[in-house]
């Protein structure tokens with residue numbers, strides 16, 4: 001054979017027939033052309049008579065070095081570690097919030113670049129996504145694979161439901177005030193809940209409602225607004241997700257307004273809006289909403305700062321009926337014309353007091369009052385938090401109508417499921433003491449709280465050097481780094497998490513058995529929320545705090561909390577509290593211990609201490625310019641203490657917290 005014949009044979013389009021196996025699923029029959037520059041490459045189209053990759057790779061999946069229907073080597077920097085997967089166009093449901101993830105395979109509409117290969121007219125049914133058709137809710141068929149990913153298995157410790165003390169919640173006092181408060185439910189049944197939601201609750205292995213859930217379900221079903229104060233870890237997330245999803249399943253989506261403008265077809269019209277202060281909290285709420293919206297017509301989305309806004313917008317294009325957002329990122333999307341709030345039926349503010357403390361009041365007021373959101377009378381508003389100080393309640397009147405005030409347990413207090421230990425430890429002895437604590441408690445997960453980001457990094461490095469696998473999260477770490485750290489913590493690869501206040505509020509991480517306040521916060525409310533990371537959902541936990549005279553500003557609040565939770569009060573705390581000089585400092589540092597969340601509805605408080613407001617206007621939903629604060633209530637929050645309202649507008653991040661808990665969160669845009 002001549003040389004030219006040999007070369008032509010090498011270039012034969014039939015070379016490797018019946019052996020090419022790429023993402024186009026070619027397995028035999030007609031030969032497929034393989035470009036010369038890809039021939040004889042490892043992972044390429046021709047493997048000398050053998051297939052290039054396993055035929056089990058799902059459609060759109062990544063093959064390192066191979067080529068698929070979307071082009072050569074579609075792994076766009078794909079990283080797979082502990083469940084995080086950045087494979088764009090993949091079908092891996094194990095990731096956090098990426099393209100090719102759950103938004104595509106579960107919550108998607110078959111949008112651009114997704115499962116339907118380019119957003120064509122034909123849309124293959126998406127697993128786990130139901131529809132609303134002809135005025136009727138049609139749930140999707142069950143999907144065993146999705147159910148394992150969403151709900152885990154009965155013996156999976158990462159899917160914690162209730163603990164050994166869950167029945168004790170029946171003994172917690174509940175106060176519900178307002179006109180004609182609906183009777184609470186006693187179990188998850190249909191009715192009053194939608195049948196599909198009850199099935200999803202059962203898949204989550206929740207056997208009975210917590211006190212806040214017992215009341216929130218009938219309150220929302222009756223069309224009432226709700227302000228709920230409940231112990232941390234008492235099921236507040238389910239307290240708003242259960243009722244709003246149940247009502248949405250029964251009522252269906254609102255009709256989308258007629259398109260106005262060239263880009264209106266790309267605008268999303270969510271029915272439910274949930275706002276929370278941090279990206280960790282909104283991500284957690286989003287993960288829970290995926291469980292309880294499984295098989296329904298409701299598709300959940302999450303948006304927050306510090307992540308690619310373009311990718312978040314593309315995720316929204318696939319369907320956005322329930323939007324979980326931080327105020328800053330939501331305002332950005334509203335300004336871009338990507339989101340319309342015209343169809344909002346349910347507005348939820350979670351950790352409302354913290355959002356205001358962090359300076360989010362201007363954004364929240366803009367979103368609620370200046371955009372196209374329905375008026376107070378045309379929507380239902382729910383506010384949830386573990387604390388509602390008096391000034392926060394007064395501000396909340398602008399967003400609520402004829403609401404029920406729900407106080408569950410000791411509002412602003414801690415759970416008796418948490419054993420609290422206060423140790424007197426000088427600063428230079430803390431590292432030695434924490435090693436002793438960690439050595440004695442090797443089971444479960446431990447969260448260690450510090451006041452500064454530098455200390456968080458230093459302590460995590462120190463513990464790692466001492467043989468304790470530790471990782472850290474704080475405001476200076478990127479979103480990817482924080483997700484990776486949280487994943488390592490949850491799966492036990494790094495069972496010690498060193499964190500600043502960024503992780504103190506709202507995160508529900510199963511199996512946290514020990515919380516250590518390496519640095520005590522200057523605000524007693526922050527202490528409450530930190531230790532609330534353990535003892536959740538009726539489980540028991542231990543909270544240890546290192547105290548010395550640098551923490552004297554919270555001594556009074558600590559004694560109150562320990563006494564209320566039937567915990568031992570150390571003698572050194574009592575001694576320091578009796579020293580008269582320290583009593584004044586409690587009022588100066590943070591909110592101290594004297595202004596923790598109220599347990600009573602202040603609509604009952606009459607004229608005591610409220611200037612000229614009395615009861616007039618407090619029960620109403622009038623605007624903030626009423627005379628409730630001597631004619632200046634609209635500026636009371638921003639001007640009475642410039643450490644709160646004024647901080648954000650001047651971009652002085654260090655002014656967010658009078659006590660300094662958030663003062664060290666420089667550049668905190670990364671976690672809005």
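The backbone N, Cα and C atoms fix where each Cβ goes, glycine too.
In Swiss-Prot, the annotation motif 'DEAD box' applies to 350-353, one of the ranges 346-349, 350-353, 354-357, 358-361. Here the motif 'Q motif' (186-214) is broken down by DSSP into helix, strand and coil counts: 13 helix, 0 strand, 16 coil. DSSP assigns residue 230 (ATP binding site) to coil in the three-state reduction, outside any helix or strand.
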